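Noted in Swiss-Prot for the protein shown:
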ACT_SITE  Ser471  active site, proton acceptor
BINDING   Cys48, Cys121, Cys193  [2Fe-2S] cluster binding site
BINDING   Asp80, Asp122, Lys123, Glu445  Mg(2+) binding site
MOD_RES   Lys123  N6-carboxylysine
Amino acid sequence: MKLRSSAITQGVQRSPNRAMLRAVGFEDDDFNKPIIGIANGYSTITPCNIGLNDLAKQAEKAIKDWDGMPQMFGTITVSDGISMGTEGMKYSLVSREVIADSIETACNAQSMDGVLAIGGCDKNMPGAMLAMARMNIPGIFVYGGTIKPGKLNGEDLTVVSAFEAVGQLTSGKITKEKLIEVEKHCIPGAGSCGGMFTANTMSAAIEAMGLSLPHSSTMAAEDQEKIKSTQKSAEVLIKAIKENIRPLDLLTKQAFENAISVVMAVGGSTNAVLHLLAIAHSSGVELSLDEFEKIRQRVPVLCDLKPSGKYVTVDLHKAGGIPQVMKILLEAGLINENCRTIENKTIKEMLLDVPAEPPSDQDVIRPFDSPVYKKGHLAILKGNLATEGSVAKISGIKEPILTGPAKVFESEEDCLKAILTEQIHSGDVVVIRNEGPVGGPGMREMLAPTSAIVGQGLGEKVALITDGRFSGGTYGLVVGHVAPEAAVGGNIALIQDGDSITVDAIQKLIQVNIEEAELKRRRSLWVKPKPKYNSGVLGKYATLVSSSSKGAVTDQNC
């Protein structure tokens, strides 16, 4: 087997290259071993990533034990939970591209033979997957693990509990002292946010596509099994290099369909739609919003998980994790059994010893004939407000239909102020625009407004639509990723206060109820907004980024 790294290790002309490698610990025999990058997302910025360095060191040792040469390098992270509701959140989706670009750059510049990527916070997972697909060298993803639930008076808490408590405080439902108690107890240690929010959703999707080990996506960050799984991941990667198993061998159209099915079954985040579209783009796989809707129609929500449900991800792990969910779907004919994994097994082989039915002593994972919801919770809506499409999350509500007057805001901050001063009422359709990939730029998540609405008891009585995104912690009648976005002239830019808007997840419709002639009149008066940034990261991003309906990628025109 000829190693890619031979480009820097073999031949007399590579003596200077070897000299550099000797300075970082290479010996004579090491130049014939595979060089494996460890893309380490360690950071003290966020609890999601604070434990990653320990896992990276375990991976480093295991790679050496299996006769590989590890080379560790850092990737960035942005804490969505900390930047949420601020200008800093504009950098969150941007960080997905920075992570992908940094991994691709480091691995390709150093002619690495494989990569083991370790991540925790939301954009770490899709960022790593974009890089793996682009490079197509053997790779495996190690998830840093989920956080255990916080506890207060016997109740399980997550970070979303704190966001909702803000709304509860402003509506007089709790005291400031109770808010502080929630704040102090909702995040007890290391790990990614504990519900089926974006990080856990994307780790589940990666496991479903075969690029991480079975059960690894639901493990708690602080449990010993996470270390063992990391060590095993290093061993599996070495074997994949020897067998030349590459990401694009695994990232087939059927693998993406499997991932979408799992996302629906676990009640995952709307962000999975955006990220899977982007990963498919980097993989050369044709994937559209319409395919998410087709899968939603046949795949039920099987897991009762927060934000809209009862349990957290560690409970899912105890109940059998993603393999149990996949086995139920496999038995129902809803996932492809022939897709392969990084262990060079088919999905059918991987799930051979998993029971066909979930354990009877739990209700985290429901049997197929007794689901939480009969259809998936991520609906693709189209209409004159979203001709390219939009993504509605309809879990946690009894009636996913609302027609009401628009209350229009040009930014998240303006909207949140109106909510907290009780200017939003039952039946309203809240519109937050100019928060899209270009207009934000960066497509901020609207967790603060949606949580405040829920906290005030309006979660089933108010709809919120935006060209921005939603956190995985959001639930209620919310519609995001509206495309085309306002900044490029989408019809969401033409809505005025008081316009009647219909959101109907049953008919898959999102529309403003005015005459086409009036829309044309307003369009004739519309002026394209000036860019908010003319330089730097955000200026560059706004210039390059595609529509959210295409995954908000930055290399679409390459």
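Just so you know, glycine gets a Cβ as well, placed from its N, Cα and C.
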Close binding-site residues near the residue listed as 'active site, proton acceptor', where close means Cα within 10 Å, chosen from Asp80, Cys121, Lys123, Cys193, Glu445:
Asp80, Glu445
Do you know offhand how many angstrom separate Cys121 ([2Fe-2S] cluster binding site) and Asp80 (Mg(2+) binding site) by C-alpha?
8
Cys48 ([2Fe-2S] cluster binding site) and Asp80 (Mg(2+) binding site), distance between Cα atoms, whole Å:
10
Given the recorded [2Fe-2S] cluster site (Cys48, Cys121, Cys193), which additional residues of the same chain have their Cβ within 8 Å of the Cβ centre, ordered by sequence?
Thr46, Pro47, Asn49, Ser79, Asp80, Gly81, Gly120, Asp122, Ile147, Gly191, Ser192, Ala199
If you draw a 10 Å sphere on the Cβ of Lys123 (Mg(2+) binding site), how many other Cβ atoms land inside?
29
Can you check what DSSP calls Glu445 (Mg(2+) binding site), collapsed to helix, strand or coil?
strand
Let me check the 10 A CB neighbour count of Cys193 ([2Fe-2S] cluster binding site). How many other CB atoms are there?
31
Return one of helix, strand or coil for Asp80 (Mg(2+) binding site), based on DSSP.
helix
Please report how many Å separate the Cα atom of Lys123 (Mg(2+) binding site) from that of Cys193 ([2Fe-2S] cluster binding site), as a whole number.
13
Close in space, distant in sequence - Cys48 ([2Fe-2S] cluster binding site), Cβ under 8 Å, 6 or more apart:
Thr77, Ser79, Gly81, Gly120, Cys121, Asp122, Asn124, Gly144, Ile147, Gly191, Ser192, Cys193, Ala199
Excluding Asp80, Asp122, Lys123, Glu445, which residues of the same chain place their Cβ within 8 Å of the centroid of the Cβ atoms of the recorded Mg(2+) site?
Val78, Ser92, Leu93, Cys121, Thr198, Ala199, Asn271, Ser471
Which of the three DSSP-derived classes (helix, strand, coil) applies to Cys193 ([2Fe-2S] cluster binding site)?
coil
